[in-house]
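TrEMBL annotations:
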- 5-21: transmembrane segment (TRANSMEM)
- 41-60: transmembrane segment (TRANSMEM)
- 72-91: transmembrane segment (TRANSMEM)
- 111-127: transmembrane segment (TRANSMEM)
Amino acid sequence: MLGRILLTIDGVMLLFGAFIADWNETHIHNPRWPPHAKFHNAQTMTLSLILGISTLFFVWRRNASAQMAKDSLRTATFLGSIYFVAGWASLLYPGTSGLDPEFGGPGFPQWHVFTAGIGLAVTGLYLEGGF
C-alpha cells in the first residue's frame with residue numbers, strides 16, 4: 001500500500017506541479033514570451049495534467065489478476081516518470097536553462113522536484129513488488 005501512496009503523490013505532483021510553477025509572470029504570463037513560447041508552455045502544462053490523471057488511473061484501477069495489477073503499476077510508474085525524465089533531458093539541448101536570467105538564472109531549481117518525482121514513482125513500484 002505504501003508504494004501506491006508514493007505513486008499517488010507522484011500523480012498529484014503531475015496534476016498540479018506544472019500549473020503551480022508556470023502559471024505566473026515567469027512563464028505563461030511573461031510579457032516577453034512570444035505566443036509560440038506560451039503555446040509550448042501550455043502544451044507542457046496540459047501534458048503534465050494528462051500524465052497525472054493517467055498515473056492515478058493505473059495506480060487505483062481494478063485489476064482482474066495479480067499480473068494485471070503488476071502491469072498497471074509498471075504503467076503508472078512509466079507514466080508518472082515521463083515528465084520528470086523529460087525535464088532532466090531538456091538540459092541536453094543547446095541553449096537551455098531551468099531559469100531565465102531575469103529571474104536569477106542560469107540555474108536549475110526544478111532538479112529537486114524532477115528527482116523527487118522519479119524517485120517516488122520508482123520507489124513506489126519497488127515497494128509494490130513490481131520489479
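Every residue gets a Cβ built from N, Cα and C, even glycine.
Remote same-chain partners of the transmembrane segment (41-60), defined as residues 6 or more beyond its termini with a Cβ less than 8 Å from a stretch Cβ, comprise 4, 7-8, 10-19, 22-23, 27-28, 33, 72-73, 75-76, 79-80, 82-83, 121. Non-local neighbours of the transmembrane segment (5-21) in the same chain are 27, 44-45, 48-49, 51-53, 55-56, 59-60, 73, 76-77, 80-81, 83, 110, 113, 116-117, 120-121, 123-125, 127-128; each lies 6+ residues outside the stretch with a CB under 8 Å from one of its CB atoms.
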